[in-house]
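Per Swiss-Prot, the features are as follows:
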type	residues	note
DISULFID	Cys49-Cys62	disulfide bond
DISULFID	Cys56-Cys67	disulfide bond
DISULFID	Cys61-Cys77	disulfide bond
SIGNAL	1-22	signal peptide
Amino acid sequence: MKLTCVLIITVLFLTASQLITADYSRDQRQYRAVRLGDEMRTFKGARDCGEQGQGCYTRPCCPGLHCAAGATGGGSCQP
């Protein structure tokens, strides 16, 4: 009888802790996804223009920079 009560209490405790942990994890994952989306928007590779020193053969330079031709035929964004 005592063993049965201990097992029932243990199962209830573990179930409750699983439910609490699952609810907490769901909120954290949602926040992480939002943060990851913000990081992707500001990622250098996702920009539509070339930064200073980057090549300008396939995409235009960012505002305030112009494409300067290099000795090897390729250009780079310069102020």
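A Cβ is built for glycine as well, from the same backbone N, Cα and C atoms used for every other residue.
Small disclaimer: the values here were computed from a predicted structure and weren't measured.
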Mapped DSSP class for Cys49 (disulfide bond), helix or strand or coil: coil
Cβ neighbour count (within 10 Å, all chains shown) around Cys62 (disulfide bond): 15
Other CB atoms, at most 10 A from the CB of Cys56 (disulfide bond): 20
Greatest C-beta neighbour count within 10 angstroms, which of the disulfide-bonded residues Cys67, Cys77: Cys77
Other C-beta atoms that fall within 10 angstroms of the C-beta of Cys61 (disulfide bond): 21
Cys77 (disulfide bond) versus Cys56 (disulfide bond) - Cα distance in angstrom: 6
Among Cys49, Cys62, Cys67, which are recorded as disulfide-bonded residues, the nearest neighbour of Cys77 (disulfide bond) by Cα: Cys67
Between Cys61 (disulfide bond) and Cys67 (disulfide bond): CA-CA distance (Å): 7
